[in-house]
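What follows is a set of notes on a single structure, which appears directly below.
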């Protein structure tokens, strides 16, 4: 493709999707189910937390905030994946690609910050239980959540602004299933400046991830130290059970994110690039509602109560008619 034609077209073609119609449909059906489950599951968690007064605590406030972010995090990429699977021309405009990168990374970074805040919340609850209610007030919870979102939506702006100014020439085939920094940067007209900036982007991502991991790790070191000093086995089990869901989500999300963004000069095959991207963009959000509902007794009981109330209302309305 000529440079002049490419600068006029200004679009990318996703080349990581299956080529045959049959394979595309096979991928489309489970992905549609997963996306629907993510939306419904997170909306259920948000609704249950809002409608039950005994769940109006900092931990559940952060869980509902995380569920809200998960909805937008997945909406930034999965609907476009679904449309691409059923489309003959799997294209996205340059502006659409830039917007997708921005919202995907801004919500993702907000989640990283929120998971760090949740670790801080668990640390205070277990290590300073007497001071916890006076420290972790509703106002502080709101401030931490807003701070996480501000950090998330401001941090990727310089990278996005820089990428939007780059000239793209040569191939417009994007070897990925959604727009991400490195696959897009590989299509830019390569020069020394671009190569240096790719390395800078790698370092920025590494600092973000490692900082969050260190803060969460330090929180859990303090938590484990306190739990080990609890004399009764039941007390230790109860204290640790409040952290299991958060720790599971943290390991699942950060594990796949680290594989993708802490690679530096290492390169993976297209298959492994796609598999890792699916892990943190699709599978991790899919498991989060399951983890927070099935492994949380209070949320499970609240869901059962609302299902029971709904069943009674349906049964009553049928009898009246």
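Each Cβ is built from the backbone N, Cα and C atoms, and glycine gets one as well.
Going by TrEMBL, these are the annotated features:
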type	residues	note
TRANSMEM	28-49	transmembrane segment
DOMAIN	41-292	domain 'G-protein coupled receptors family 1 profile'
TRANSMEM	61-82	transmembrane segment
TRANSMEM	102-120	transmembrane segment
TRANSMEM	140-157	transmembrane segment
TRANSMEM	209-228	transmembrane segment
TRANSMEM	240-262	transmembrane segment
TRANSMEM	274-294	transmembrane segment
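Under 8 Å from some Cβ of the transmembrane segment (140-157) lie the Cβ atoms of residues 58, 61-62, 65, 69, 101-102, 105-114, 116-117, 120, 208, all in the same chain and six or more residues away from its ends. Outside the transmembrane segment (240-262) by six or more residues, the chain places 59, 66, 108, 111-112, 115, 118-119, 122, 125-126, 202, 205-206, 209-210, 212-213, 216, 220, 223, 227, 273, 276-277, 279-280, 283-284, 287-288, 291-292, 295-296 with a CB less than 8 A from a CB of the stretch.
Counting only same-chain residues 6+ beyond the ends of the transmembrane segment (28-49), those with a CB under 8 A from a CB of the stretch are 55-56, 60-61, 63-64, 67-68, 70-71, 74-75, 78-79, 81-82, 85-86, 282-283, 285-286, 288-290, 292-293, 299, 302-303, 306. Outside the transmembrane segment (209-228), and at least 6 residues removed from its termini, the chain residues within Cβ reach (under 8 Å) are 112-113, 115-116, 119-120, 122-123, 126-127, 236, 239-240, 243, 247, 250, 254, 257-258, 261-262.
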